[in-house]
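Asks: Annotated region 'Disordered' per TrEMBL: 57-85, in sequence order. The compositional bias 'Basic and acidic residues' annotation in TrEMBL covers 66-84. Per TrEMBL, the feature domain 'Aminoacyl-transfer RNA synthetases class-II family profile' maps to 93-430. The L-histidine binding site annotation in TrEMBL covers ASP162, LEU163, THR164, ARG189, GLN205, ASP209, ARG358, TYR362, TYR363.
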Amino acid sequence: MSAAVVGTLRLCRFHWHLLHPGTSGNVGLIPTATLSGSGQISEEVKKLLSLKSQLGIDPKPQKVKGNSEKSKENKKPSGEDGPKKFVLKTAKGTRDFAPDQMAIREGVFNKIISCFKRHGAVTIDTPVFELKETLTGKYGEDSKLIYDLADQGGELLSLRYDLTVPFARYLAMNKVSNIKRYHIAKVYRRDNPAMNRGRFREFYQCDFDIAGQYDPMLPDVECIKIVVEILSSLDIGDFVVKVNHRKLLDGVFAACGVPNHKFRPICSAVDKLDKTPWPEVRKEMVEEKGLDPSTADKIWEYVQLSGGTELLGKLLQDESLTSQKRAVEGLEDIKLLLQYCEAYGISNRVSFTMSLARGLDYYTGVIYEAVFTGAQTAVAASSDEEGSVGVGSIAGGGRYDELVGMFDGKGRKVPCVGISVGIERLFSIMEAKAYESGQKVRTTETEVYVIAAQKGMVEERLKLCKALWDADIKTEQSYKKNTKMLTEFQYCEQTGIPVAIIIGQSEIETGIVKLKVMSSREEREVKRCDMLEEIRQVLASESSVESKPSISS
């Protein structure tokens with residue numbers, strides 16, 4: 001920079017006075033002509049920087065007009081340096097469960113597992129994700145709901161959509177030909193959730209399946225019997241198990257003139273009749289799937305039928321239907337199934353329903369679905385949905401004889417039939433019932449609470465807890481050294497703990513404890529050596545006099 005440069009070097013008022021003490025006037029500007037050359041200018045700049053450094057002033061560049069683009073580039077995004085704000089919420093289609101809700105869920109699980117074991121099932125587990133090709137092409141139109149994962153080390157993976165396809169893969173991979181198994185685990189569907197109907201993107205399924213070559217309808221009817229047992233034990237309202245047959249449906253489609261390649265798409269449309277009116281289903285068949293309108297009308301004449309053995313007899317006399325081999329095979333299976341239902345005493349719970357289709361592609365024989373029939377408990381809506389809605393289907397399943405063969409290199413077939421209980425929908429109903437009844441749900445199973453009658457008894461409480469835990473008695477105590485007895489008794493009443501054990505210095509000296517039954521407030525003195533037996537007797541007595549089983553039992 002030379003003296004020939006036209007302009008000025010801008011200085012702050014403070015630095016002008018430092019360089020020119022005793023002056024006043026137009027400060028802040030140094031005529032560049034007074035600076036003889038670049039060396040002098042550099043020297044003056046160094047002096048200014050040195051003075052600022054000594055005074056602890058950090059020199060900051062002045063904003064330059066006409067350089068707005070550069071300043072925008074240097075500007076950091078808002079909130080980058082400060083704490084980031086985010087919304088605390090669960091992902092769409094998922095939810096958290098509080099202790100009282102988990103107590104209800106655990107009680108339902110226990111009843112279902114007890115039923116599965118009563119029928120001789122073993123249990124297995126499979127990974128939460130499968131190779132994408134394992135799941136592809138098994139679910140028909142519902143395949144679009146599969147959650148695909150990012151490429152992991154060269155493997156294309158997807159979260160499991162149900163427990164049936166992984167079970168079939170397990171059978172083929174391990175060369176298993178006969179097994180009766182149950183599996184309770186989470187599955188994932190990229191569906192539009194309806195939380196107030198128990199419809200989630202992440203949810204539990206409870207499956208029971210029988211694999212093996214057996215005589216017709218014996219495994220199938222046992223699956224229906226299990227559904228009836230589970231729903232009856234939960235006492236959640238009137239229900240019916242609808243049954244139909246995939247071969248019968250195919251026979252109906254053929255008799256009505258549906259081309260073979262459209263059987264599965266039309267079956268998926270029929271499957272929507274439980275929640276969609278016929279005009280809309282007909283429109284889908286005709287406009288979206290290209291079915292002749294007269295053919296759609298013929299299908300409607302069949303799918304609106306339901307009943308029992310009387311409907312079966314009527315269909316067996318239908319010449320257009322009985323001319324189809326698949327329809328006759330389906331009707332014969334249904335006839336045998338209804339006979340076995342009569343033997344099991346569950347005919348009043350079973351309805352032969354021609355509109356039942358079960359849209360999944362892998363079904364090959366009998367299909368069934370349990371639904372509510374009477375008034376059902378309204379399920380409270382979640383925060384993002386309005387109104388209370390019924391939960392729809394609560395269990396379903398059927399026969400799938402060809403699914404295992406899809407995974408076997410030699411095409412080895414393993415006939416299978418099974419059920420899947422819609423556990424989340426059951427939970428929604430049970431929660432709503434508990435809320436409406438005002439019934440208090442116990443969130444723990446604690447049986448005994450140890451209380452000190454005076455201060456300084458921590459070690460004695462610990463000894464009592466150890467003795468009770470060693471005897472497999474569910475026991476709690478306070479985590480405070482010194483407590484108030486009244487507070488401890490209130491805790492027992494609030495949480496439903498049936499027995500309190502009280503110990504003080506006099507009890508230690510005489511070798512006894514005080515046992516208090518919380519329901520009756522009765523107190524008695526018990527010798528330490530008899531304490532465990534006395535507690536067990538009280539617990540057994542309290543359990544036997546309960547007028548109603550706990551919802552979490």
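Every residue gets a Cβ built from N, Cα and C, even glycine.
In the displayed structure, how are the listed features positioned relative to their neighbours?
Replies: The 10 Å shell around the Cβ of ASP162 (L-histidine binding site) contains 19 further Cβ atoms across the protein chains shown.
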Asks: Do any residues at least six apart in sequence from GLN205 (L-histidine binding site), in the same chain, have a Cβ closer than 8 Å to its Cβ, and if so which, in order?
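Replies: GLN205 (L-histidine binding site) has long-range Cβ partners ASP162, LEU163, HIS183, ILE184, ALA185, LYS186, VAL187, SER420, VAL421, GLY422, ILE423.
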Asks: Taking only same-chain residues 6+ apart in sequence, whose CB is under 8 Å from that of TYR363 (L-histidine binding site), what do you get?
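Replies: The list for TYR363 (L-histidine binding site) reads ARG246, GLY398, ARG399, TYR400, given in order along the sequence.
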Asks: Could you tally the C-beta atoms, other than its own, that fall within 10 angstroms of the C-beta of THR164 (L-histidine binding site)?
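Replies: A count of 26.
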Asks: Taking the Cβ of ARG358 (L-histidine binding site) as centre, how many other Cβ atoms lie within 10 Å?
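Replies: ARG358 (L-histidine binding site): 22 neighbouring Cβ atoms within 10 Å.
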